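Peer 1: This is the feature table in Swiss-Prot:
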ACT_SITE  E364  active site, proton acceptor
BINDING   123-132, 156-158, R269, 337-341, 366-368  FAD binding site
Amino acid sequence: MNFELTKEQQMVREMVKDFAKKEIAPHAEHVDQTGEFPMQTFKKMGELGLMGIPFPEEYGGSGGDTISYALAVEEVGKACGSTGLSYAAAVSLGASPLYYFGTEEQKQTHLTPLASGTALGSFGLTEPNAGSDAGGTQTKAISNGDEYVINGEKCWITNASYARTVIVTAVTGKNKDGKNIISALIVPTDTPGLTITSPYDKMGVRGSNTAEILLEDVRVPAANLLGDPTKGFKQFLYTLDGGRISIAALAVGIAQAALDASLAYAKERKQFGQPISSFQAIQFKLADMAMEIDLARQMVLKAAWLKDHNRPFTKEAAYAKLFASEMATRACNQAIQIHGGSGYMKEYGVERMLRDAKLMEIGEGTSEIQRLVIARQLLK
């Protein structure tokens, strides 16, 4: 058993840490207050190779592994939760399905721009009546000769307003048991009949684009069908498993930022003639935060390691996502408490971290769904 990162993984972490400190963190407050999507930041991230860390160089990627990618997500998330969420979604949801399930032509055409950072991708799964019940998808794709005609609605889709392509899940038929067959299709965002709006006013991660997608007689070539048409449900479950690793890493990053801010404040703030860091009540909070953050980080790294070694990782990804997300909310809440009245003020940033962290318990599978996933893995 080896707990040391490789030299390559350490280099990635240090590179992203330096970039995030200089290029992302200074804009975090502005991004949150205005809700502006940090497009220029993503262009720089693309130039640096961050958008393609876990993909082979032949598709425009950096040839890294899942661990390196998780470390990168943590560092970006530590600097800005909004940017971290859009980064995680672009890679894990927008690009990864193309790599794992796409044909060679689909990879060259659609994955390469995403992995090289010249475009963003998105993943359209959630619907108004299909949230946790993802199998309840109502969007339909009807085969019509050499194309599919798609009709339906998607909601709460990350990055869609700025994406070049959206991978859309849709019902394409029924199996012999009468159950819906859910498939995935690659839909360029400039396709006629596709309307993308962003009507949401969110509590947190406000600079991460969240969109609604309306599909009205959207026609795409049959060649845009992604993977096995009868296994679309399993494909997006695998996609979500990978995405949960990145959300867990993002939660760790946000929590680490809250701890860093709390340590600095506790050393500086004086009450009763001494720094509040000298009081046991504050020390216990800091100790609990640090312990839980490190535990969550190890969970993330283990799940990523399993994925890199082609071993089952569904349960471990759910472990990491569940614990890290709930931990981040606790850590950020404690950070506000340590800051006292100042923590309730926007200028200190920790209240933003709490608002950002809360989404980690909801997006890409709620805490309740994670517990179901874990229980089913234990009982099967």
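Cβ coordinates are placed from backbone N, Cα and C, and glycine is handled just like the others.
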Peer 1: How big is the gap, in Å, between the Cα of S132 (FAD binding site) and that of the residue listed as 'active site, proton acceptor', rounded to a whole number?
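Peer 2: That separation, Cα to Cα, works out to 9 Å.
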Peer 1: Just jot down the residues in the same chain as N129 (FAD binding site), at least 6 apart in sequence, with C-beta under 8 A of its C-beta; none if empty.
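Peer 2: Same-chain residues close to N129 (FAD binding site) (Cβ under 8 Å, separated by 6 or more) are G136, Q138.
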Peer 1: Tell me, if you would, which residue among T126, S132 (binding-site residues) has the fewest other CB atoms within 10 Å in the structure shown?
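Peer 2: Minimum Cβ neighbour count within 10 Å, taken over the binding-site residues T126, S132, occurs at S132.
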Peer 1: Sorry to bug you, but what's the C-alpha spacing from E364 (active site, proton acceptor) to G341 (FAD binding site), rounded to the closest Å?
Peer 2: 33
Peer 1: Within its own chain, what residues at least 6 apart in sequence put their Cβ under 8 Å from the Cβ of E368 (FAD binding site), listed in sequence order?
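Peer 2: E368 (FAD binding site) has long-range Cβ partners S132.
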Peer 1: In this structure, which of the recorded positions F123, G341, E364 has the fewest other Cβ atoms within 10 Å of its Cβ?
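Peer 2: Relative to the other recorded positions in F123, G341, E364, G341 has the fewest Cβ atoms within 10 Å.
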Peer 1: Taking only the Cα atoms, work out how far the residue listed as 'active site, proton acceptor' lies from F123 (FAD binding site), in Å, as a whole number.
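Peer 2: Distance (Cα to Cα, whole Å): 11 Å.
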Peer 1: How many neighbouring Cβ atoms, not counting its own, are there within 10 Å of the Cβ of I338 (FAD binding site)?
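Peer 2: The Cβ of I338 (FAD binding site) has 25 Cβ neighbours within 10 Å.
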Peer 1: Using Cβ-Cβ distances, find the residues under 8 Å from T158 (FAD binding site) that belong to the same chain and are at least 6 apart in sequence, listing them in sequence order.
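Peer 2: Listed in sequence order, they are L85, S86, A89, L93, S122, F123, S208, N209, T210, A211, G363.
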